[in-house]
């Protein structure tokens, strides 16, 4: 399969933006934990945007690269920021806050990207029409901003899936106690097989893509809402 130069640039942009957004996601977890009384992430040197502290070879580079090459939604993960729930001031409540800080950071990044694109749209188009900017540069700027919005919405809503160890599982755990809570924790050992079935087996064999449907309704719906009219 051949790839044009434009396609390769688009893939590179997507992978870099996903990597950056995943790092911000993890730093947000650590920052929230610190605000709630746990300095574990700070002590481990993880409250930084320096990619060397966060990148995971598979989750931050290989996974988004392969998904970008295949096409469709692209997501990634950085090395999880460590935190100690026993150091949180209010463990039950604060675990939920720490978990939701990651997706919240992605939603805020998407909103920021959409705001920048809306504010810059007329100047960019004006520069393109007047010849002040080459069309290739205009296309790249728009691609970067729209991709930034898109990947952050995908990361936000993918992480809200209630499957351990994704952040959405902490929302479910907040409402569980006793044996139900322990049983839900045990679900984590099946997380990877479940994701493989949902991501690849169901779409390939049954032409049924539950993750695509979910992300289309959530990330896709908000993407259209944010960028309608441009």
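Here the Cβ of each residue, glycine as well, is placed from N, Cα and C on the backbone.
The transmembrane segment feature in TrEMBL is assigned to 7-25 (among others).
Positions annotated as domain 'Peptidase M50' by TrEMBL: 15-201.
The transmembrane segment annotation in TrEMBL covers 57-76 (among others). Remote same-chain partners of the transmembrane segment (57-76), defined as residues 6 or more beyond its termini with a Cβ less than 8 Å from a stretch Cβ, comprise 3, 11, 14-15, 18-19, 22-23, 51, 151, 154-155, 158, 211-212, 215, 219.
Tertiary proximity for the transmembrane segment (96-117) is limited to same-chain residues at least six positions away from its ends with a CB under 8 Å from its CB atoms, namely 21, 24-29, 31-33, 36, 38, 83, 88, 142, 145-146, 148-150, 152-153, 155-157, 159-160, 167-171, 174, 222-223, 226-227, 230. The transmembrane segment feature in TrEMBL is assigned to 96-117 (among others).
According to TrEMBL, the feature transmembrane segment maps to 137-161 (among others).
Residues or ranges marked as transmembrane segment in TrEMBL: 190-206 (among others).
Long-range contacts of the transmembrane segment (212-229) within its own chain (CB-CB distance under 8 A, at least 6 residues past either end) are made by residues 72-73, 110-111, 114, 117, 146, 149-150, 153-154, 156-158, 161, 203. Under the heading transmembrane segment, TrEMBL lists 212-229 (among others).
Across the domain 'Peptidase M50' (15-201), the prediction's mean pLDDT works out to 90. Remote same-chain partners of the transmembrane segment (137-161), defined as residues 6 or more beyond its termini with a Cβ less than 8 Å from a stretch Cβ, comprise 9-10, 13-14, 17-18, 21-22, 25, 73-76, 102-104, 106-107, 109-110, 113-114, 116-117, 120, 124-125, 127-128, 167-168, 171, 211, 214-215, 218-220, 222-223, 226-227.
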